[in-house]
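Single-structure report; data block below.
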Amino acid sequence: MKISLFGYGKTTRAIAENLVDKFGPFDIYDDHFTETKKDTLGNLLLNPNDFDDNLSDIEIPSPGFPPKHKLIQKAKNLQSEYDFFYDIMPKSVWISGTNGKTTTTQMATHLLSHIGAVMGGNVGTPLAELNPYAKLWILETSSFTLHYTHKAKPEIYALLPISPDHLSWHGSFDNYVQDKLSVLKRMNECDVVILPKIYANTPTKAHKISYEDEKDLAVKFGIDTEKISFKSPFLLDAIMALAIEKILLDTLSYKLLNSFVMEKNKLEELKDSQNRLWVNDTKATNESAVMAALSRYKDKKIHLIIGGDDKGVDLSNLFDFMKGFDIELYAIGISTEKMLDYAKKANLKAYKCEVLSKAVNEISNHLRVNEVALLSPACASLDQFNSYAERGKVFKECVNKI
């Protein structure tokens, strides 16, 4: 059986490295490969022009591999990594939505690791490296993965709220939503789906629990929010993690939940040498994440660093939302001019910075002790950085130099 891997990302590399003895050697196609070579394991590294669909039995794309790419168009046996590993997948919880996927996945794993749950998918470990004998897989599941998944399904699907994101990849917001909801049609009567009330009428055989907001979700599961130490925007993530625990174990471990330590790059606070507050929220790559960050600091004047790769999303609503804040903007990245145009239309003061270091220095000239400097860019980072994490690292380095 010949397996072709599309893209040389974390997912496909893990498959090629861990399963070469069982299924390999693999043919790996990537636009960066200009000539045919072999890696150290004997896998072929090929240019997409060399793909012959008649000589391939299965094609597995990296989750973010563009659906309009010529390899996807030619593939006859396309399946996601979830489909590929479905036959050996233990019971699973899939967590999706626009914001909060990672935190909810980590919190749920924190609550359930004592029963043998392991975490993977879009966060941490690719499926090829997860223990197939674990009691439970808790998978952060992206819209990209769901787009390419047509067979696999979870026992529990926890869907956080959906807002516009990755529209240049999906083509439209409706396509994005439909990919998020696509798994429901494969779930059965023994499965459970937790989803926003707006999608409550989506056809499925699974038991549906819909919610309007974090308060409503807490009521549905008998969760006392006063016992949770996390506040918005992380409160919904915490409630969802407890809801998953309640379904599986009929317990609510508040003390264990409150011992969870938040990861870096999400509303990560630090002080400069002048005791001024800076916040690294580099992972806020869409408007709803930025709105949540702004709401957290609504009682302070906010100096917001915004911009990067906007992924084709219209951010007009975000800038309208900003009108209710005492805020100044510092535009960076490939979308600098676009951010300045949004600001002008919304009558918001904005500085043209283009690069992150200049934005930090410009803010430092204006920032007072009772104000907040916030990197919450509403855009992806790949126009200037290798990842959102690198952007956050550079931000903190710049702040520490002040």
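Just so you know, glycine gets a Cβ as well, placed from its N, Cα and C.
Quick look at what Swiss-Prot lists:
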type	residues	note
BINDING	Gly97, Thr98, Asn99, Gly100, Lys101, Thr102, Thr103	ATP binding site
Key: Most Cβ neighbours inside 10 Å, all chains, among the binding-site residues Thr98, Asn99   = Asn99
Query = Long-range same-chain neighbours of Gly97 (ATP binding site), Cβ under 8 Å, sequence gap at least 6?
reply = Thr104, Ala158, Leu159, Leu160, Pro161, Ile162, Lys180
Structural state of Thr102 (ATP binding site), classified by DSSP into three states = helix
Query = Excluding Gly97, Thr98, Asn99, Gly100, Lys101, Thr102, Thr103, which residues of the same chain place their Cβ within 8 Å of the centroid of the Cβ atoms of the recorded ATP site?
reply = Ile95, Thr104, Leu160, Asp237
Note = The most crowded of the binding-site residues Thr102, Thr103, judged by neighbouring Cβ atoms within 10 Å of its own Cβ, is Thr103
